[in-house]
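Presented below is the structure to which this report refers.
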Amino acid sequence: MLLPACLRRCARLLFWIPVLVVIVVVMWSYYAYVVHFCWILLSSATQRVVFLCLFHLCFGMFSWSFWKAVSTPPSSPSVEFQFSTSDSLLYELERDDVAKSPILLEISQKLPVHTRTATGAIRFCHHCQLIKPDRCHHCSVCQTCVLKMDHHCLWLNNCMGFSNYKFFMLFLLYSLLYCLLIVSTVTPTVIQLWRGRLFDSCVKLHVLFLTLVSAIFAITLCFLLIFHIWLLTSNKTTLEWLSVPFFANGPGSKAFDVGVQANFLQVFGKKKRLWLFPVFSSEGDGHSFPLSCQMSSHGPPVMNGHERCATLRTVASPKEAAVTIAVD
């Protein structure tokens with residue numbers, strides 16, 4: 001028992017290596033840009049001040065969003081979704097999955113749960129002993145169920161979900177701006193270095209490598225940010241993109257899509273002044289989400305005939321019409 005526990009601790013430490021790699025690369029880029037580029041290569045004091053101000057603004061917002069994405073723990077389901085001792089005993093006594101289904105169904109009747117497994121059963125986590133809320137998944141790395149789980153990010157050593165997805169989006173945005181700023185401001189100097197007008201080999205190496213690394217990261221981050229913007233405006237998670245969520249009557253690829261604006265507000269909130277800052281402002285509690293009455297493009301309607309359909313909620317703003325929501 002002692003050895004596996006020790007191995008688990010060592011594995012947790014190894015998970016921090018990618019985070020340290022990111023920190024080291026960013027700190028080196030800070031050194032290369034501020035010292036080698038701004039202080040050594042730039043001759044114009046005005047240009048130096050402007051570049052340093054813009055750089056530190058991007059660096060500050062990047063660092064803030066990075067820290068929030070790394071340090072904010074993923075939200076787990078509340079106590080009401082967890083099995084009581086008696087429920088667990090009753091559930092474990094049944095060895096057949098068919099016999100267990102009525103137990104899960106009875107307990108889930110009191111909960112706002114609409115998603116199902118591909119076979120139509122109630123989604124249950126055997127590790128955490130709880131009924132999974134809609135869009136909740138168990139992370140094998142974090143060893144817990146995560147509300148509205150998007151993915152486990154290797155470079156942040158954290159699960160991206162309901163509590164920190166906004167921070168992840170801002171992290172991508174400010175990372176891209178950080179790289180683009182470096183590329184756009186350093187490129188003219190790189191051209192001079194290429195033409196041989198600057199001869200310091202150490203400075204040349206740092207600046208050339210800085211531009212190359214920043215350009216590569218900028219291209220990668222651009223595609224990643226575009227992908228997550230599409231997910232955000234479609235109200236999908238990465239896991240839902242990979243595997244369509246199922247409901248009582250079948251799959252629902254657009255079940256949570258309540259319109260681009262409302263989808264955006266679910267993550268970033270209604271307070272516009274907080275949109276660009278890594279401060280939590282998402283709507284809801286992460287356990288239940290508005291459902292669209294729009295038909296699934298690859299399956300039957302996302303609604304259950306034994307339950308109510310047409311529950312009205314105001315999703316975007318009081319000035320807009322209420323969105324009709326089908327409760328499965």
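Just so it is clear, glycine is given a Cβ too, placed from its N, Cα and C backbone atoms.
According to Swiss-Prot, the topological domain 'Cytoplasmic' annotation covers 1-14 (among others).
Taken together, the residues of the topological domain 'Lumenal' (36-48) have an average pLDDT of 91. The annotation topological domain 'Lumenal' is assigned in Swiss-Prot to 36-48 (among others) on the grounds of similarity to another entry.
The topological domain 'Cytoplasmic' annotation in Swiss-Prot covers 70-166 (among others). Here the topological domain 'Cytoplasmic' (70-166) has, by DSSP, the following mix of helix, strand and coil residues: 28 helix, 19 strand, 50 coil.
According to Swiss-Prot, the domain 'DHHC' annotation covers 123-173, on the basis of sequence analysis.
Note on Lys132 (substrate binding site): other Cβ atoms within 10 Å of its Cβ, all shown chains, come to 24. Here Swiss-Prot flags Lys132 as substrate binding site.
With a 10 A radius on its CB, Cys142 (Zn(2+) 2 binding site) counts 18 other CB atoms from all the protein chains. Residues or ranges marked as Zn(2+) 2 binding site in Swiss-Prot (evidence: similarity to another entry): Cys139, Cys142, His152, Cys159.
Counting every protein chain shown, the number of other Cβ atoms lying within 10 Å of the Cβ of Cys153 (active site, S-palmitoyl cysteine intermediate) is 18. Feature annotation from Swiss-Prot assigns active site, S-palmitoyl cysteine intermediate to Cys153; the stated evidence is sequence analysis.
Here Swiss-Prot flags 188-206 (among others) as topological domain 'Lumenal'.
Positions annotated as topological domain 'Cytoplasmic' by Swiss-Prot: 228-328 (among others).
Once Cβ contacts within 10 Å are tallied over all protein chains shown, the binding-site residues Cys139, His152, Cys159 are led by Cys159. Residue pair Cys159 (Zn(2+) 2 binding site) / Lys132 (substrate binding site) shows a Cα separation of 16 Å.
Considering only the recorded positions Cys139, Cys142, His152, Cys153, Lys132 (substrate binding site) has Cys139 as its nearest partner by CA-CA distance. Panel annotation: around the topological domain 'Lumenal' (36-48), residues 55, 185-186, 189, 198, 200, 202-203, 206-207, 210 of the same chain, lying at least six beyond its termini, place a Cβ under 8 Å from a Cβ of the stretch. Taking the centre of the Cβ atoms of Cys139, Cys142, His152, Cys159 as the Zn(2+) 2 site, the nearby residues of that chain (Cβ within 8 Å, site residues left out) are Pro74, Ser140, Val141, Thr144, Val146, Met149, Asn158, Gly161.
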